[in-house]
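S.K.: Please find one structure pasted underneath; my questions will follow.
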Amino acid sequence: MVQLLHSIKAHNDKVWSVSVHPTLPIIATASTDKSTKLYKLSARQKFPLVAKLEDTHKRSIRSVAFKPPLGGADTPKSDFLDLPALAAGSFDSTISVWGIDEPDVEYDIEEVIANQKEILTSPNNEWNLMAIIEGHENEVKAVDWNFQGQYLASCSRDKTVWIWETDPETLEEFECVAVLNDHSQDVKNVSWHPSMNILASSSYDDTIRIYQQDIAGDEWSCVGILNGHEGTVWCSKFESLKSPIADSSVLRLVSASDDLSVRIWVAKREQEDDEQAKLELPSSIRHTNEMVWEVESVLPSVHKYPVYSVAWSALTGKIASAGSDGKIVVYSETEKGKWVIDSIHEGAHGVHEINCVIWAQLDDENEILVSAGDDGYVNLWKI
């Protein structure tokens, strides 16, 4: 059952995407009105506005992504105050990176770290522009950080995927370490694996591409092509290995398409012994790991118009999808590769299209589903 918990009128124009911080109860929006807004995920505090970031981009902000904490979301550094940072990709072909200064509070650093969920999500923090990243020739369609916050991926209508490297502690410089030209059309989305340096891109050319560094850690290249959709692939997300339904011997990916389908793809994971054996080969014959991906499942057909967004919960293993028909659909896996519909919510944003769904946790750690639509609303749902 999908029940509306709260509705936020975030913008007077379309909300393209939403990002949730991996460890803090805070979300960010991306809108056609060229601004980003941050809200605290606290029902007790009535989901207050934390910050508004504007006057930087000349055109729509299409995508936002919070940087994970140092050490990753699963194992953040416990003795380090990791200040939140946000990347925003725009149709003006640039990416902005935002962050906050260390809070000016009367506590010592240990107390600040212990209470960071409150202190770092306070409206009293000032969000500052830290960097503008330039490189793409056309609109930036999506941005996403890897699980350690060292790499930022971006994609564009210029058919390319770029990978930028930075020092996750300072975010002072962003160096382009790869420009990947494997797609033949507009690239709609990029998404990193939650705990591995593997990247997926989704495109207007109807394919998904998988990228990984070579064994020596020098070059990034395409190691897998997922063919099967018969229309634009709008979005793809990896399954978290923390999920209660995850199999540690394989990788899985869910994708959403213009062809009205939601698909699950699977590939075997290479074991550490195999990787070590390849490292011991001479570099002249050492090859990148090619990954063979197959369709494991096509989820039950529900959507009548293009599916724009999918989200895979690390907490429950449930998948949510949404798109042009205004429906939110939630699916559960009953046995390996067999999925059933949990619930369908029609008209989740009235007559408007839904551009994004993500899973998030409130400050009380209860999981919710967040949706964003053409109506300018961000809706929070109990599942």
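Placement of Cβ uses the backbone N, Cα and C atoms for every residue, glycine included.
As listed in Swiss-Prot for this protein:
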| type | residues | note |
| --- | --- | --- |
| REPEAT | 10-49 | repeat 'WD 1' |
| REPEAT | 56-108 | repeat 'WD 2' |
| REPEAT | 135-175 | repeat 'WD 3' |
| REPEAT | 182-221 | repeat 'WD 4' |
| REPEAT | 228-275 | repeat 'WD 5' |
| REPEAT | 302-341 | repeat 'WD 6' |
| REPEAT | 349-383 | repeat 'WD 7' |
S.K.: Residue list, the repeat 'WD 6' (302-341) vs rest of chain: Cβ under 8 Å, 6 or more residues beyond ends.
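M.R.: Beyond its ends, the repeat 'WD 6' (302-341) has Cβ neighbours at 2, 194, 231-232, 234-240, 242-247, 254-258, 260-262, 264, 296, 347-359, 361, 367, 369, 371, 373, 381, 383.
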S.K.: In terms of Cβ proximity under 8 Å, which residues at least six beyond the ends of the repeat 'WD 7' (349-383) contact it?
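M.R.: The answer is 1-20, 25, 27, 29, 31, 39-45, 47, 117, 121, 308-316, 318, 320-328, 330, 342-343.
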